[in-house]
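In what follows, a single structure is set out as structure tokens and then discussed.
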Amino acid sequence: MQTSHYAAEKDMQDAAPRLTFTLRDEERLMMKIGVFVPIGNNGWLISTHAPQYMPTFELNKAIVQKAEHYHFDFALSMIKLRGFGGKTEFWDHNLESFTLMAGLAAVTSRIQIYATAATLTLPPAIVARMAATIDSISGGRFGVNLVTGWQKPEYEQMGIWPGDDYFSRRYDYLTEYVQVLRDLWGTGKSDFKGDFFTMNDCRVSPQPSVPMKVICAGQSDAGMAFSAQYADFNFCFGKGVNTPTAFAPTAARMKQAAEQTGRDVGSYVLFMVIADETDDAARTKWEHYKAGADEEALSWLTEQSQKDTRSGTDTNVRQMADPTSASAFNH
């Protein structure tokens with residue numbers, strides 16, 4: 001589950017005496033409910049009519065502590081290194097994922113915590129050590145979301161974009177990356193040799209106290225195959241308005257891919273929740289947000305999504321740019 005903005009936190013506080021949401025044990029085994037925290041400005045609504053706010057630690061702490069209070073299972077932060085611009089400067093202002101989640105790990109006690117690694121920016125040995133550190137802070141409640149990187153300007157601005165051939169090789173890169181992580185988390189040592197990484201008696205200690213959970217967001221065939229082999233969970237996107245099962249074909253593809261590897265890989269589905277006292281009030285709020293859609297920022301996202309011409313039509317970013325997805329608007 002994905003919160004849309006800080007107003008959702010206020011809605012949760014206002015509604016607190018009336019919330020009686022529980023899951024039976026057998027339901028909890030089948031379903032996990034989490035919050036995708038607003039690490040970037042304005043959360044998840046690309047609209048001039050939505051609340052405009054900056055990301056802060058205090059904001060994210062309040063949301064994650066409230067989620068933990070109501071027995072949510074996990075909190076996850078993305079990573080974004082350059083935003084979409086527009087009138088709202090959407091995601092032009094962002095916190096950093098690992099340091100944010102380390103702080104949140106220290107002020108929570110039960111909820112699972114996930115940070116996102118932009119793998120082009122961080123060597124796997126550094127991610128392995130940071131993850132082990134947050135595992136220690138959290139008491140074994142930490143996991144890592146691995147992203148290959150799709151938004152070229154994020155990396156060009158730092159001089160580290162490897163060239164457009166990377167679009168077709170990014171899961172080869174990520175495969176080597178996760179193999180190094182597995183070595184270091186599992187044995188504390190890696191001598192991995194590959195096309196992208198060369199480890200020479202690389203050491204990480206202490207190791208995580210529990211097996212490290214890995215999330216990916218593969219939507220392409222290559223992404224699904226990677227998740228089937230290496231991930232514990234794979235993200236997919238909810239679509240439409242009040243169509244909660246529209247993601248089912250994507251989840252079915254993931255299940256089929258996992259059957260080929262003999263692994264159990266769950267699907268995490270991203271939904272944007274627009275909440276109010278009644279369905280009609282929520283619909284009115286949604287229409288108000290939609291009327292203020294930041295077309296400039298949305299156009300920039302669509303333009304960037306078309307830069308990758310080598311990974312197929314079902315990539316993660318193209319799902320994001322789909323106007324029926326959880327992070328955009330139905331035009």
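Glycine too: its Cβ is placed from the backbone N, Cα and C atoms.
Here is what Swiss-Prot records for this protein:
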{"type": "BINDING", "residues": "ILE79, LYS80, ASN145, GLU154, ARG170, TYR171, SER220", "note": "FMN binding site"}
{"type": "REGION", "residues": "300-331", "note": "region 'Disordered'"}
{"type": "COMPBIAS", "residues": "312-331", "note": "compositional bias 'Polar residues'"}
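The structure, with features from Swiss-Prot marked on it.
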residue	record	Cβ neighbours (10 Å)
ILE79	FMN binding site	23
LYS80	FMN binding site	22
ASN145	FMN binding site	22
GLU154	FMN binding site	20
ARG170	FMN binding site	25
TYR171	FMN binding site	23
SER220	FMN binding site	20
DSSP-derived structure type at GLU154 (FMN binding site), helix or strand or else coil: helix
In three-state DSSP terms, the structure that ARG170 (FMN binding site) belongs to: helix
Site diameter for FMN, Å, by largest Cα distance between ILE79, LYS80, ASN145, GLU154, ARG170, TYR171, SER220: 21
Assigned element (helix, strand, coil) containing LYS80 (FMN binding site), judged by DSSP: coil
